[in-house]
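The block underneath contains the structure these notes are about, expressed in structure tokens.
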Amino acid sequence: MLDAEVIAITGGAAGIGLAVAHAAIRAGARVALIDRDGACAQRAAAEFGAAAWGVGADVTDEAAITAAMAGAQRALGPLTGLVNNAGIAGFGSVHATEVETWSRIMAVNVTGTFLASKAALFGMLERGRGAIVNFGSVAGLVGIPTMAAYCAAKGAVVNLTRQMAADYSGRGIRVNVVCPGTVAGTDMGRQLLGTDCDPELEARRLAKYPMGRFGTPEDIAEAAVFLLSTKAAFVTGSVLAVDGGMTAI
């Protein structure tokens, strides 16, 4: 599905990002793992061998993310795909959210997606081909209580995806967004369910999922790989909810 493709993944050292890397490599791609924790990114890349390269970079730092994309291309070849996975969540209604918290959530989720895309797009535009998969959330599709900043940020990512598709689809670059529900076994999933995995909280959240379970990193990764591949050649500007039916009810 991804033979000879070179895919950069932000937040690629753990969780969903690492699952995307595994799935992309199985599909034939080489991957650049870009993560704020550079040592973790390099360790993960070393486990993949020649199919991967890892580097530390903060997606909110334009110089750092631009250098990371350039390094990825030197190590692996021209980028043909980008997965904007790096993100953070936070809790608080509007009246209870500090501006510093709001700004940080916006910076990582929205500005980080913008900066990583900008850094990757120049080469894609020169070559006239590419695929970008942004990561939204069901929180960008519906209102989630006490998650004002996160809902606003992921809603912005969803509409930025549509705008990018409008700009670049005619130039050979497809742009889509995956919107996961709660994903078990990730830092964000643990944050949503509580660090002590409170059974009552978990049961209340699980009741919102018609399929009767939370997602796994692999569920989300397979959706991303599909959108990166030529099997999705006529798919652009799409919002793919991978949420076990949560937003269907």
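Positions of Cβ are set from backbone N, Cα and C atoms, glycine also.
Going through ILE16, ILE105, ILE132 against Swiss-Prot, the one listed in the NAD(+) site together with ASP35, ASP58, VAL59, ASN85, LYS154, VAL183, ALA184, GLY185, THR186, ASP187 turns out to be ILE16. Fewest Cβ neighbours within 10 Å among the recorded positions ASN85, SER137, THR182: that distinction goes to THR182. Listed binding-site residues: ILE16, VAL183. The one with the lowest count of other Cβ atoms within 10 Å of its Cβ is VAL183. Between the farthest pair of Cα atoms in the (S)-2-hydroxypropyl-coenzyme M binding residues (SER137, TYR150, THR182, TYR209), the distance is 20 Å. When the C-alpha distances from GLY185 (NAD(+) binding site) to the recorded positions SER137, TYR150, LYS154 are tabulated, the minimum falls on SER137.
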